[in-house]
Amino acid sequence: MSLVDAAKAKLPTQWGEFEIHALEDKDSQKEHVALTMGDLSGDEPVLVRVHSECLTGDALFSMRCDCGPQLEAALQKISEAGRGVLLYLRQEGRGIGLVNKIRAYALQDQGMDTVEANESLGFAADARDFTLAGRTLQALQVSKIKLMTNNPRKVAALEEAGIDVVERVPMKYGKNPHNEKYLSTKHGKLGHLF
Ligand SMILES: Nc1nc2c(ncn2[C@@H]2O[C@H](COP(=O)(O)OP(=O)(O)OP(=O)(O)O)[C@@H](O)[C@H]2O)c(=O)[nH]1
Ligand SMILES: [Zn+2]
């Protein structure tokens with residue numbers, strides 16, 4: 001497999017101590033991250049968040065989306081369970097990269113919704129390769145999970161990749177006046193369950 005669990009170390013956070021795994025994807029040359037907590041072996045399903053990179057929302061406090069609050073809520077839930085995995089996948093802008101995401105934001109500033117903006121730039125509404133999530137979990141030897149998401153495509157893609165998703169845990173966090181239209185488009189056009 002081209003995805004290698006290349007290095008790991010302790011990662012203390014405000015939600016407790018995780019183990020950080022740096023994963024090297026030899027195909028795309030991208031470096032992904034998995035934060036794990038507790039013993040992941042055994043038959044009990046593992047609580048998992050598959051999070052796509054959003055530099056603006058995760059690190060720069062943007063209120064255009066719900067990514068930052070979802071990221072924090074996921075770490076909180078894993079810490080409460082004492083066991084789980086957060087995959088941080090480098091799929092910025094639903095796979096179109098940072099520069100194109102900001103171009104898409106500029107089009108949204110002129111009135112387009114998030115799907116129209118992607119399409120007008122020549123991209124699919126969602127350009128992510130979700131098989132990566134399955135490969136990452138396989139690299140961590142996790143096969144039975146409770147998935148924290150509102151996105152049914154993530155559930156389907158993981159099932160297709162051979163991961164047993166026994167439960168979907170809703171992630172409704174971070175709604176605000178600036179992301180209302182974004183969230184309603186996710187629901188109306190991208191199939192998110194809110
Ligand atoms: N192209 C584009 N990408 C966006 C926009 N807003 C947020 N994103 C990206 O969308 C992705 C959000 O990913 P996730 O948090 O995994 O969310 P999701 O697929 O909506 O599903 P959930 O698991 O329900 O959160 C990140 O890669 C963001 O950078 C936008 O307006 N345009
Ligand atoms: Zn975001």
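Cβ coordinates come from backbone N, Cα and C, glycine included.
Where the annotation comes from TrEMBL, it is an automatic prediction and has not been curated.
TrEMBL annotates Arg49, Val50, His51, Ser52, Glu53, Glu92, Gly93, Arg94, Thr114, Thr149, Lys154 as GTP-binding residues; of Gln29, Gln70, Gln76, the candidate listed for that same site is Gln70. Taking the centre of the Cβ atoms of Cys54, Cys65, Cys67 as the Zn(2+) site, the nearby residues of that chain (Cβ within 8 Å, site residues left out) are Thr56, Gly57, Asp58, Ser62, Arg64, Asp66, Gly68, Gln70. The full span of the recorded GTP binding residues, Arg49, Val50, His51, Ser52, Glu53, Gln70, Glu92, Gly93, Arg94, Thr114, Thr149, Lys154, taken as their largest Cα to Cα distance, is 23 Å. Its Cβ taken as reference, Glu92 (GTP binding site) is surrounded by 19 other Cβ atoms within 10 Å in the chains shown.
Across the domain 'GTP cyclohydrolase II' (7-170), mean pLDDT in this model comes to 96.
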